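Per Swiss-Prot, the features are as follows:
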REGION    1-23  region 'Disordered'
REPEAT    37-76  repeat 'WD 1'
REPEAT    122-162  repeat 'WD 3'
MOTIF     186-190  motif 'DDB1-binding motif'
REPEAT    206-247  repeat 'WD 5'
REPEAT    250-290  repeat 'WD 6'
Amino acid sequence: MATEHLPAERAQSPLSAPQRVEEPQKPNYALRLTLAGHSAAISSVKFSPNGEWLASSAADALIIIWGAYDGKCKKTLYGHSLEISDVAWSSDSSRLVSASDDKTLKLWDVRSGKCLKTLKGHSDFVFCCDFNPPSNLIVSGSFDESVKIWEVKTGKCLKTLSAHSDPISAVHFHCNGSLIVSGSYDGLCRIWDAASGQCLRTLADEGNPPVSFVKFSPNGKYILTATLDSTLKLWDYSRGRCLKTYTGHKNEKYCIFASFSVTGRKWVVSGSEDNMVYIWNLQTKEIVQRLQGHTDVVISAACHPTENIIASAALENDKTIKIWSSDY
């Protein structure tokens, strides 16, 4: 146990209250597990909302379900004919949706590993997907430049939004389900009313670099965007203002997933094209840790819902998932 040495004149008497130990200003993420199972570049990793599982998708057209704590392969989901770009969990952790270059989305029952429905309607690669919080709707984004909203129960497309003028890179539902955010290679980030399909706001940067990732913050007040000029930004979208900018990583080519870490202190986490995971202090914007170990571009970084655990995944010269954990 570390002892704090105080100058003599400030030493506490035995009767005074003990000093509060300050939480460390930086995390100490260390590698715990390396998961190998995919035979091609991994595209996405996501923890289940209940924290038990990790789903990964890859260019081998497979989804693998892993134990989040033991790293064991629990299930492999077969069905897509071409590479998968994204996967997302339902709120009760019982179902998954996947987005594929075969122009379809598939809805899966996790326990049985069976495909429940195939959602057809996009005319080009489906690149990104998400469930709304009640998990009765799915949103998808495609290289056909549209965003589609699907009904889970029937598998029908309820709405098609002519969202952007270039491929859609990311879609995400707000925590109350009322809004959808989309990002595109056209350099725009758009916020949509999920019920009406109306565009409520457009966020754009000077120079309009391609938007490679977007996500609402867990409290729903902010949006995190990534652009292909190696920049992450935190937006107060209700005012259309950029509040924070995070730099130091490399992101010029790939749509790399980023995440908010809120289980300990508040960090922003992202993969990088220099084969590392970057962690920033959300408030101060300083890089607090870089995680080394992958041997190719880290395409995806996901944070566990309740523990200080990060999963990262890399492209074809690596093909592994790494699980990292921190004491705080």
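The first residue you see is number 1, and the count goes up from there.
The backbone N, Cα and C atoms fix where each Cβ goes, and this holds for glycine too.
For the repeat 'WD 1' (37-76), the mean pLDDT of the prediction comes to 99. Residue counts for the repeat 'WD 1' (37-76) under DSSP, split into helix (H, G, I), strand (E, B) and coil, are 0 helix, 21 strand, 19 coil.
Within its own chain, the repeat 'WD 3' (122-162) is flanked in space by residues 85-92, 95, 97-101, 103-105, 107, 168-173, 175-177, 180, 182, 184, 192, 194, 197, 199, 255, which lie at least six positions past its ends and keep a Cβ under 8 Å from the stretch. For the repeat 'WD 5' (206-247), the DSSP-based tally of helix, strand and coil residues reads 0 helix, 23 strand, 19 coil. In the repeat 'WD 3' (122-162), the DSSP tally of helix, strand and coil residues is 0 helix, 22 strand, 19 coil. Secondary structure of the repeat 'WD 6' (250-290) per DSSP (helix as H, G, I; strand as E, B; remaining residues coil): 0 helix, 17 strand, 24 coil.
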